[in-house]
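Asker: Shown below is the structure under consideration.
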């Protein structure tokens, strides 16, 4: 895919921010228009994150126009909004490869460009990292500026406020920009508000403010009175948020129109020269400039390939996803039990909870991007006699590890974790792979860990976790289910596996949705196949029987080999004194890069062909079959 650059006369001249800074200010509106159109054309042909980037076009242009990037350091939080940044920093021609194998990364990535200061993927890290970068720059004394751009969702996380609190105390020179795209431009974002913001960000006001503070430091009562007067003025003229950020030690400016390129350039030019921590609050519209995305910013957050003229996204008529299987199960339970509570850390759509949130609003909690809080909130509900279900992506559960141990497991509370996107997730790459959850949960006492091989098993395991009265986790992958028949719900025997096929010499112990590959291979190799179901407690009796009756055991999982389910089998064999040869197949000891799920599994040797080759090579090394 290549865009016709004849349609983008100004953008075609921009191969770096240095080129951008050669333009006249009056050319910037046209550049923004071309950049927005180019982004739409590119993403519609490749898939990717669209609505967020459409909303940050003017901000991106203004930042690279005013700041001397990469000398000045620009940090994007998460990175969904950073596509325009990639286009302006020398990667325009590579946008056709974004989120693809060997292509450019979906998020800012240090190894990809000197303009990507921080590699990101998870939210709310920008201010903490930015503060560290700003402190380092301050010690270099080279005049380097630091800017962090964070969204209104990401700033709700505790980590962001921890960083704001620290930055305000240190008084380090840095600028935090809040990209607030929750609502359309509000009434107080207009000419008067922009004028006031320019006054408060200007050098005269800053000089008077700093000079007055030095004088009034010697007269505390007057100093306190003037401080409160300034905060009151800002609260009246700007927004209630100003008082909060001023109390944290920041000079707050805003909210201002994030789509007015002239005002943004003027504002940032003023703020670049201010000392101490600065906070600029801009209002933007997610999906700006493309009507379908403005109307449905959630639907156009991440999109497949689509027709930009009609704006219609392709419908998925295939088998239901595991996320939908979970959502349907949760609704089914809520119909019978008013005490079941669904909790999500800002992933309602992705986790399949839209219908549940609409049908059972009193049993639904979206706690925002606050994974730690989500888990301990569930702890409190469990103590109160309710049955909390935390729906969370595997990669995000990492952020609540202490709460999982300290608040849930130690107290042995009945909290069910529905762990979505376990294993290979595909195009979002290393930051989003669900590679570690088995490993980091398996060592926690009191945990029950289940690995369904299909959607019916997934439902039964969710029901088992809901009924068991202990901390329990069910991990399932991104994507469509297998298509098996759903059976009535019943509680599975805890810690027991199921024998699928009986063979000779080779036994494949499957954990999760790679079972179809195991079954296909079993016909070729005349292998026994056991669906282990439980990683913890693991079926020790079955493992010992298989070790006694087979020459080779093979474990199969979409989790890191180190500390994973295969390691649990190895521990059983060791403690039982069994010397049966064991091959552990799973994810290797490196971060898995972006690719489709199928490409990644093939590259890792975890597709059917790769598994067969690994088994045969292992047997060859051990001796003849």
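Every residue, even glycine, has its Cβ placed from backbone N, Cα and C.
From a predicted model like this one, the values you see are computed outputs, not experimental measurements.
As annotated in Swiss-Prot:
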BINDING   80, 121, 122, 123, 153, 154, 181, 290, 371  thiamine diphosphate binding site
BINDING   152, 181  Mg(2+) binding site
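Each of the listed features needs to be described in terms of its position in the shown structure.
Answerer: Its Cβ placed at the centre, residue 153 (thiamine diphosphate binding site) has 19 other Cβ atoms within 10 Å.
Look at residue 181 (thiamine diphosphate binding site): DSSP puts it in coil.
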Asker: Tell me which of the binding-site residues 80, 122 sits in the most Cβ-dense spot, judged by other Cβ atoms within 10 Å.
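Answerer: Answer returned by the neighbour count: 80.
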Asker: Between the binding-site residues 152, 371, where is the Cβ count within 10 Å the lowest?
Answerer: 152
Asker: Compute the C-alpha separation of residue 80 (thiamine diphosphate binding site) from residue 152 (Mg(2+) binding site), stating it in Å without decimals.
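Answerer: Residue 152 (Mg(2+) binding site) has its Cα 13 Å from the Cα of residue 80 (thiamine diphosphate binding site).
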Asker: State the Cα to Cα distance, in Å, between residue 181 (thiamine diphosphate binding site) and residue 152 (Mg(2+) binding site), rounded to an integer.
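Answerer: Computed Cα spacing between residue 181 (thiamine diphosphate binding site) and residue 152 (Mg(2+) binding site) is 7 Å.
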Asker: Taking the residues the record says bind thiamine diphosphate (80, 121, 122, 123, 153, 154, 181, 290, 371), how far apart in Å are the two Cα atoms that sit farthest from each other?
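Answerer: Max Cα-Cα spread across the thiamine diphosphate binders: 32 Å.
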Asker: Cα of residue 371 (thiamine diphosphate binding site) to Cα of residue 152 (Mg(2+) binding site): how many Å, rounded?
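Answerer: Here the two Cα atoms lie 16 Å apart.
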Asker: Between the Cα atoms of residue 122 (thiamine diphosphate binding site) and residue 152 (Mg(2+) binding site), what distance do you get, rounded to the nearest Å?
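Answerer: Between the Cα atoms of residue 122 (thiamine diphosphate binding site) and residue 152 (Mg(2+) binding site), the distance comes to 14 Å.
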Asker: Count the Cβ atoms, other than its own, that fall within 10 Å of the Cβ of residue 181 (thiamine diphosphate binding site), considering every protein chain shown.
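Answerer: Residue 181 (thiamine diphosphate binding site) is surrounded by 24 other Cβ atoms within 10 Å.
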